[in-house]
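Below: one structure, written as structure tokens.
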Amino acid sequence: MSKAGLSLFDTRLAIPAIFESFRKLSPVVQWRNPVMFVVWVGSVVTTVLGVHALGGHGEAPAAFILAVAAWLWFTVLFANFAEALAEGRGKAQADALRATRKNGVAKKLASAARNAKVQVLDSNSLRKDDYVLIEAGDIVPADGEVLEGVASVDESAITGESAPVIRESGGDFSAVTGGTRVLSDWLVVRVTANPGEAFLDRMIAMVEGAKRKKTPNEVALTILLVSLTLTFLVVCASLLPFSIYSVGAAGAGSPVSITVLIALLVCLIPTTIGGLLSAIGVAGMSRMMQANVIATSGRAVEAAGDVDVLLLDKTGTITLGNRQASAFIPAPGVTEQELADVAQLASLADETPEGRSIVVLAKERFNLRGRELKDALFIPFTAQTRMSGVDLGVQAAHKAHEGDIAVAAPATRQIRKGSADAIRKHMQTVGGDFPKAVGDAVDDVARRGATPLVVADGTKVLGVVELKDIVKGGIKERFAELRQMGIKTVMITGDNRLTAAAIAAEAGVDDFLAEARPEDKLALIREHQAAGRLVAMTGDGTNDAPALAQADVAVAMNSGTQAAKEAGNMVDLDSNPTKLIEIVEIGKQMLMTRGSLTTFSVANDVAKYFAIIPAAFAVTYPQLKALDVMHLNSPASAIMSAVIFNALIIVALIPLALKGVKYRALGAGPLLRRNLLVYGLGGILVPFAGIKLIDMLLGAAGWV
Amino acid sequence: MNSSIVFQTVMYLVVLFVLAWPLSRLLATALDGSLSSRFAFLGRSERALCRLMGINADEDMPWWRYALALLVFHLIGAVFVYAQQRLQGSLPFNPANMGAVSPDSSFNTSISFLTNTNWQGYSGESTMSYFTQMLSLAAHNFMSAATGLAVAVALIRGFVRRKAAGVGNAWLDIYRSTVYILLPLSLVVAVFLVGQGVIQNFAGYKDVKLSETVTYQVPKTGADGQPVKDAKGNPVLVDTKTAIQTLPMGPVASQEAIKMLGTNGGGFFNANSAHPFENPTPLSNFVQMLSIFLIPAALVFMFGRWVGDARQGLTVLGAMTLLFVTMVGVEYWAEIHANPILTHLGMSGLPGNMEGKETRFGIVASSLFTVITTAASCGAVNTMHDSLMPLGGLVPMWLIKLGEVVFGGVGAGLYGMLIYAILAVFLSGLMIGRTPEYLGKKIEAFEMKMVAIAILATPCLILGGTALSVMLDVGKAGMANPGAHGFSEVLYAFASSANNNGSAFAGLSANTPFYNVMLGIAMWFGRFTVIIPVLAIAGKLAAKPRLAQTSGTLPTHGPLFVMLLVGTVVIVGALTYIPALALGPVIEHLQLFGR
């Protein structure tokens, strides 16, 4: 993906965008944006007036009218350019994504069975609920759900993660994404999306202006902009009769010209935000895409800015995926080294990350090396026993039949590690006892938010291994920022309350839900929503689907099941649950950019009034010169300067529209004060300076 | 002098707030129905009346039913007031033998009183019988104010209710506003005014002999009722002598109280509150000023109380007070400067511009009254606004154009200000990166559409109406003053009508078919193009859930939001009206002082 390397005005994007901005001059395109449509009409009218004036009977000198007309056209073109540039950037990203899904062939199956009749056809002609066979080396032709088979799939085209993943029917790994490649084995897949409806297609549609649906807030803002435009239309239209009356009353001057009224109208209506509004929306979508998140609607992106509560799974989001051994706590009469030694023995064959971390810890602390074990039988962890370990001194005869059930002769030494409950039960069966000190140590460890693992050798309990959740670096600061933004974080975990509380405290989340089952998650979301809060969450499993569907912003992991993806309104291609925080920021940034530029645009009008009103009516009422606080060269120069400033400010703000207003993790009050100062007060002051400067340049060039 | 304006303004505000706070409790209990459930006989009489009228007292009306009820109520009222004016010659209580009012004036006046405007194209003492004054005009003073209260309450319900279908019962709201609030308050104020010397009788007009014969000039009117003009376009004046003055009488105090309390402003006499029978003393003047802001201020307190956060009310009140105090300052500053034309002639510039002012009130009380009556949608005057200095005239004109949201009309001020608050929240909400919400309600496309209509309608009426009038000969015919001041007069007339204020720059002969009809239209649409969108917003908001306030939510209380609200009001008002004001009062000022 060409994520990086596209500077803002990269020629590869800017040149096509220039062509595009001329193509967008068509009234059909302009009609979509009422504010710019008014400018477009104004440009046409002034051009006609200017051409008419060339004959010498114009309402003003032809050069002046045509200069105004030219700058009005530039205003339209600059707005078109902003939109085209944003679209170009979006498309470049989309194309990179789209390149991954070249149309290929699909092996359509007559029924959902491996050996059904195969029909080879174009992958674009697949429809929802078709069945396809995908074999090693094939590109997955469409998003779908695995019905049969197990295969390793290379999803690097979508996720950038090079390690292949396993996809199989049933469970949480049953979804395949179009464009990925099956590396080994085969799959029978049910297609879950029609062509053009897959996530990627929806996302691509959202960065292409023509197909882009306005988001709800964009619609509301457009209504405001249109009503401002209408107000100024009435204001400017009524100025003609007012002016005619004033000329009659004062007996001096001539009525204001249509050209000046159009210039005033264009300067007053919110062209800055009107011209950049769609660029802001497109840029927001493409920022999402840059973050490797595919949103199914603009509404979802907007909602992300409003989120009040984030539900975060503990594992993988707040803590690193795996717990790690952090301490050996021996029972009375046992040395720490003895405990470490036995624990390591019990874990040598344990390939789980927890098991490996015990081996590593023992090595680090007591320099105990892994060793070859003779006559050993490894007992894997099962859900029934909830223990694992090793039996030593098992007779060779039994070893010969590996895979058989090892029941024959009792082992000479039974080493076990497991949860406190499991070992307690085990002690009862083998006739050992469970020292109270160990029980206390177990409680201590649990209170610290770690997981206690009890180690037993034969009938003797040796002590406790502390397995600790490792909270991700920097996560606490992230949560503090979120709190500043007024967003509450809730940690969801299957751990017991004690453990959960300890980790919650360490990570700095506001609240936690312990021993959570999927239905608890759903209930929690409903509870928050009933209290009037918007909830965001991430999920990947099928059992997350109801909660995802209920949440206001639901980010499904790309590695998750099809059900989860369908229920969510965004998919994170990186399957990184921490991404939720970034998503919230992008949503906020998009709204902030809109609000700030609208404020800026409206605040600009004050200076424009001071430039144009004295200029327009000075011939009737010379005393109005007193309002010309900028002391501009001449009425014509004042009007030209205002129009030119109005056009150039659009170009000047394109980078801001595309990059977005910088987001700061501040509370609502300070943030508002800051933005009001920058865009409100700045919006009032900047045009005074800008118009004066342009006026001086025009004067210096001798054009006015 | 300077300390006097500060002292009077501060004292005024302190007394106002001290009275408004307890009144807000009465408003809340009366309007939420708890008063009629606490006192069973009140509840019973409400129900009995509803049964009698065939109204379901338990109906919780959706917004459009509520709006429809108000429209029907107004249409019936309009027909009633129109008919009574046309037929007053054959109706009782008519000692001065007033004949039928002309159709266009009757049309204008009926809309004027129904819409809480009380624009008066007529002179009360020479047009209306006592019966018409009491039964049509005073009665509608109550009902138009009650309508304003009802709409404001419906909007507050919109904010407070969660996922509700209705915004209340229009009939009950009007009844409760009238009977529990307006009537008792009016009684108290009327009795007080009688104590100050305001007349209250049904006697015929009294002729009194003047101590010396007076000669005065009156403009000659032609057969068409228009002033006759000479070749230069100046009105022809005729010398007239008289030794007798006719003193009009009537039930003034009873109408005076509700004229102020209901922010109606329609005077019994043409001179309105400048007339000694309407407003005889500085104390009666103070009480009249208090009466104008009393209910609007109490309503803002009630708003905070009702939405469960007194700070919300205080914030709105803070914004209103800030605008009010600023405007009083500008008005006073403008009026203590005497007309330079007079000072150039060698006249003393002290105490300032006394033209059109009553000496018993002086510049301070006149400036204060002028700002109060136009900040609210009252429109009663104790000063001739036409005689204010150009910038002194700009202040009331601009306050009206802001939509009278500085305390404002009864109910109308609050719902007008809340419309601005929604607008302020929309922009500032975006600026902190959230889709906007106010008091826990999301502001979305529908609400913005309605806000746009409410804010857009009056400028269209004002600017459109003024443009038409200065273009057409029938419009220009009524303008007695040429130039920028004549323009200001027309602009003021349309601003006053479309925003339902009712005060006037005199000098414009507005009692003509053209102006009666144009201004009547402006008043009707000015009222309902705001009321209907406001009710629609109320309905839509009531149906939404109420979101929780977090530290990420835009705080809509405190100094920052006060400034934001004031800024929104000022910016919208400035951007819309700067060009028109520049060609009216601003140029007049520059011409007057620029010599």
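Using N, Cα and C of the backbone, Cβ positions are placed for all residues, glycine too.
Marked as transmembrane segment by TrEMBL: B:63-83, B:137-159, B:179-199, B:286-307, B:313-334, B:405-430, B:451-472, B:517-539, B:560-587.
Long-range Cβ contacts of the transmembrane segment (B:63-83) within its own chain (Cβ-Cβ under 8 Å, at least 6 residues beyond either end) map to 106-107, 109-111, 113-115, 136-137, 140, 143, 147, 150-151, 154, 166-171, 174, 528, 531-532, 535-536, 538-540, 542. No contact links the transmembrane segment (B:560-587) to the transmembrane segment (B:286-307), because fewer than 3 Cβ pairs that are 6 or more residues apart lie under 8 A. Tertiary neighbourhood of the transmembrane segment (B:451-472): same-chain residues 401, 403, 416, 419-420, 422-423, 426, 487, 490-491, 494-495, 497-499, 514-515, 518-519, 521-522, 525-526, 529-530, 533-534, 537, 572, 576-577, 580, selected by CB-CB distance under 8 Å and a gap of 6+ residues from either end. Fewer than three CB pairs closer than 8 A are found between the transmembrane segment (B:286-307) and the transmembrane segment (B:517-539), and contact between the two stretches is not assigned (pairs 6 or more residues apart).
Sequence-remote contacts of a segment are chain residues at least 6 beyond its ends whose Cβ falls under 8 Å from one of its Cβ atoms, and for the transmembrane segment (B:137-159) they are 31, 63, 66, 70, 73-74, 77, 81, 109, 113-116, 118, 128, 167-168, 170, 173-175, 177-178, 181-183, 186, 254-255, 258-259, 261-264, 266, 295, 299, 302-303, 306-307, 409-412, 414-415, 418, 438-441, 531, 534-535, 537-542.
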